[in-house]
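A.B. asks: The following feature annotations were taken from Swiss-Prot:
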MOD_RES   Gly2  N-acetylglycine
BINDING   Cys15, Cys18, His19, Met81  heme c binding site
Amino acid sequence: MGDIEKGKKIFVQKCSQCHTVEKGGKHKTGPNLHGIFGRKTGQAEGFSYTDANKNKGITWGEDTLMEYLENPKKYIPGTKMIFAGIKKKSERADLIAYLKDATSK
């Protein structure tokens, strides 16, 4: 399991421009991520997803996020997420630990 505090810093630096995590948070360029764990791709209510995201059909969890966050466009070809990915596995683990904590409160 990753480090939540390190993950929060990564989120602020690399994700917060497009995403929020708090319950009831607004969608930005990307969807609000609250409740992402256990949710299928393309299912955040009120956000307009590409068909690629809606049709991927996986459920978000630690393993799927680990793979997705390495290279989003490879994992879901056609996604509108323009983020290049996080190559370091330890940084992805930290970010996932933070997301698991922050999106469940």
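Placed from the backbone N, Cα and C atoms, the Cβ positions cover glycine too.
Note that the coordinates shown come from a computational prediction; the quantities given were computed from them, not determined experimentally.
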A.B. asks: Just name the most isolated of the binding-site residues Cys15, Cys18, Met81, going by other Cβ atoms within 10 Å of its Cβ.
C.D. replies: Cys18
A.B. asks: Identify, in sequence order, the residues in the chain of His19 (heme c binding site) that are 6 or more apart from it along the sequence and have a CB within less than 8 Å of its CB; answer 'none' if there are none.
C.D. replies: Phe11, Lys28, Gly30, Pro31, Asn32, Leu33
A.B. asks: For the recorded heme c site formed by Cys15, Cys18, His19, Met81, which further same-chain residues have Cβ atoms within 8 Å of the site's Cβ center?
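C.D. replies: Here the nearby residues are Ser16, Gln17, Lys28, Thr29, Gly30, Leu33, Phe83.
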A.B. asks: Long-range same-chain neighbours of Gly2 (N-acetylglycine), Cβ under 8 Å, sequence gap at least 6?
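C.D. replies: Once residues fewer than 6 apart are set aside, Gly2 (N-acetylglycine) is near Ser90, Arg92, Ala93, Asp94, Leu95, Ile96, Ala97, Tyr98.
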A.B. asks: Grab the heme c binding residues from the record (Cys15, Cys18, His19, Met81) and give me their largest CA-CA distance in Å.
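C.D. replies: If we measure all Cα pairs in Cys15, Cys18, His19, Met81, the largest is 11 Å.
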